Amino acid sequence: MLKKLFHSALWGLAAAGVILFAVPRLNNSNIFTSDDIISFKNAVRIASPAVVNVYNRSFSSASINDNDQLQVNNLGSGVIMSKDGYILTNKHLIQNADQIVVALQNGNIFEASLVGSDDLTDLAVLKIRADNLSTIPQNSARQAHVGDVVLAIGNPYNLGQSVSQGIISAIGRNAVGDSVGRQNFIQTDASINRGNSGGALINSAGELVGISTLSIGKTANEIAEGLNFAIPIDIANDVLRKIMRDGRVIRGYFGVQSDISSSSEEGIVITDVSPNSPAAKSGIQVGDVILKLNNQEGISAREMMQIIANTKPNSKVLVTILRLGKILQIPVVIEEFPVN
């Protein structure tokens, strides 16, 4: 028995010697070259100069006339959207601020003015007096997809600019947290902590994908992990343009709701009509199926919402519906979306 064991051990040692001779010694060599390292440093290098720190400062109640007593009430991030100083951030960050301070990554500090804000998307537009600022490239032809690698850039807990990495977990999320369902959120597992809000969500090419907004975190009974959300850049750009033009976002209002799961191939099934809304005033009913808006057919409920939102108040829209087997055309006068 011992002799067999001895021979087995010898064979094992011999085999090990052959393997060690044939395979390079891993402990003394790096099997990866520098070209093999997966890195997003170029994306970060492109985008990070355009991500700023945003500070909400307010007077303390004891010394309202003493500038030295301005205290930071809230902090977050922002994204420079134009070379002449327009910045997107979150509205909740600058709510009730006596002073808004923006710190660039090159160390320059500016007092910012509030151009306007939007409750429905929790976005705000700031302006600083500066020129030739860095911006993040955008690519409207590139669609965001579930599984895309994304990077969140911001100032978590005022530690300084930081980058977290994840993927797009879902797109088209609505009614998240306390939101009112118009954001069409991008969901990601890239960390968005306190201070990241208002910062940039970019793809691996360094292109702006969205504006980081919120994270679902600790509750009384559980901890949510990897549930972070951003406003898609197309919606953010639309809000930016409207606020720069009008100082606020003016949306059209129709006053219907549709459950996507109950919509048919023919059209959009109306599941609720708000009282005193334009839809109610024109006779739209629950159960009606919207086939067309003006001459546009085959649209989704989300597309309908966007079309109505971009329709000027007091404009007339011709709605083609299917009701109990009959096709009807109903004119609807669009009103301004009620903010409250």
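Quick reminder: no glycine exception, Cβ is built from N, Cα and C everywhere.
Here Swiss-Prot flags 1-4 as topological domain 'Cytoplasmic'.
Marked as transmembrane segment by Swiss-Prot: 5-24.
Annotated topological domain 'Periplasmic' per Swiss-Prot: 25-340, in sequence order, evidence recorded as similarity to another entry.
Cβ environment of H92 (active site, charge relay system): N74, D122, S197 lie under 8 Å away, each six or more residues apart in the same chain. When secondary structure is read from DSSP and collapsed to three states, H92 (active site, charge relay system) falls in the helix class. Among the features that Swiss-Prot reports, active site, charge relay system is placed at H92 (among others).
Look at Swiss-Prot and you will find D122 (among others) tagged as active site, charge relay system, backed by similarity to another entry.
Swiss-Prot lists S197 (among others) with the feature active site, charge relay system, giving similarity to another entry as the kind of evidence. Following the DSSP three-state reduction, the secondary structure of S197 (active site, charge relay system) is coil.
Annotation source Swiss-Prot lists domain 'PDZ' at 251-323. Across the domain 'PDZ' (251-323), the DSSP tally of helix, strand and coil residues reads 17 helix, 23 strand, 33 coil.
Shown are the active-site residues D122, S197; of these, the residue with the fewest other Cβ atoms within 10 Å is D122.
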